[in-house]
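Asker: Quick one: this structure, given as structure tokens, is what I'll be asking you about.
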Amino acid sequence: MNILQEPIDFLKKEELKNIDLSQMSKKERYKIWKRIPKCELHCHLDLCFSADFFVSCIRKYNLQPNLSDEEVLDYYLFAKGGKSLGEFVEKAIKVADIFHDYEVIEDLAKHAVFNKYKEGVVLMEFRYSPTFVAFKYNLDIELIHQAIVKGIKEVVELLDHKIHVALMCIGDTGHEAANIKASADFCLKHKADFVGFDHGGHEVDLKEYKEIFDYVRESGVPLSVHAGEDVTLPNLNTLYSAIQVLKVERIGHGIRVAESQELIDMVKEKNILLEVCPISNVLLKNAKSMDTHPIRQLYDAGVKVSVNSDDPGMFLTNINDDYEELYTHLNFTLEDFMKMNEWALEKSFMDSNIKDKIKNLYF
């Protein structure tokens, strides 16, 4: 890992009016996307890796020895998309093959932080599920957490704190070791390391877990849960429960808010931010196309949204690909992107002193 990098010349607001994206090539635009001081709130650390890193893990542990590198990527990942969130979850469970020991988990955390830094992210909230990382090889969640915290801390310090990183804990559904209550207890035990609590995996109505989420929130840990992502669900109950029962401050994805004026009004009134993951939504068939992605409607309606990469390892993308897609297909401007990042900063669960520092530096 080559830490020595040219510092990024981040964009200032006063520069934006002098930049004409329409006259630029795609390569030139990517240089601009990198210079946006990005605040990313929704990225699964356990699914954040490069193709090279993933293949090296598969080879290291002699998994799938009869498959070529390209076949390995096709077998495990979701870069070509699929039929649904359910199909994605099944593939993600396969990816847990690489969580063989604590060394690879620490390495994954290091690479994830460094890659986000190279992409121009200045505030990064990673989230991970202790039970998901642990279940395949029956690892100890305490040692998993130690490895992740150690890996993050080491790279953040090597980068002289030019990227600020925090963790959210996920209690999930969809794999054999999933246990929301155990994950909530783990989150509160390590409250010094976790800035928020989430639910991920299969999208379910969480009202039956109200007691657990109340317990976490009342202990001082804010909530953001996955809801309003899965278009195969017959109604919008997951969103209503997240907002009215769980009292979340943010929603992971939330794009189905666009289907209801009542929900649009509700998230605006309660100042709830939607952590939108554009490429993820298209690849999982939760948005029919980028041209018709609901983020445009939501943004125009005054809903606070932010741009996120979700599971970049599964998609073989990075956060700047999401910016390129939103510009190319939905005509979002640099001013729009700066505003979204200001919203993300405002709604981040990180310490207010760090947020103030980032605001003064970049916004």
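Including glycine, each Cβ sits where the backbone N, Cα and C put it.
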Asker: Looking at 170-184, 215-229, 290-304, 305-319, I want to know which stretch Swiss-Prot calls region 'Gating helix loop'.
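Answerer: Among 170-184, 215-229, 290-304, 305-319, the range Swiss-Prot annotates as region 'Gating helix loop' is 170-184.
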Asker: Among G151, G196, G201, which residue does Swiss-Prot annotate as binding purine D-ribonucleoside together with H44, L45, D46, D172, E229, H253, D310?
Answerer: G201
Asker: May I have the list of same-chain residues other than H42, H44, H226, D310 whose Cβ is within 8 Å of the Cβ centroid of the recorded Zn(2+) site, in sequence order?
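Answerer: Neighbours within 8 Å of the Cβ centroid, excluding H42, H44, H226, D310: C43, R127, G200, G252, H253, E275, C277, S280, N308, D311.
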Asker: Could you round the CA separation between L45 (purine D-ribonucleoside binding site) and H226 (Zn(2+) binding site) to a whole angstrom and send it over?
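Answerer: Distance between the two Cα atoms comes out at 15 Å.
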Asker: The record lists H44, L45, D46, D172, G201, E229, H253, D310 as binding purine D-ribonucleoside. What's the largest Cα to Cα distance among them, in Å, rounded to a whole number?
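Answerer: Among the residues the record ties to purine D-ribonucleoside, max Cα distance equals 20 Å.
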Asker: For G201 (purine D-ribonucleoside binding site), which of the listed binding-site residues (H42, H44, H226, D310) have their CA atom within 10 A of its CA?
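Answerer: Those near G201 (purine D-ribonucleoside binding site) - Cα within 10 Å - are H226, in sequence order.
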Asker: Looking at the binding-site residues D46, D172, H253, which has the shortest Cα distance to H226 (Zn(2+) binding site)?
Answerer: H253
Asker: Going by DSSP, is E229 (purine D-ribonucleoside binding site) part of a helix, a strand, or coil?
Answerer: coil
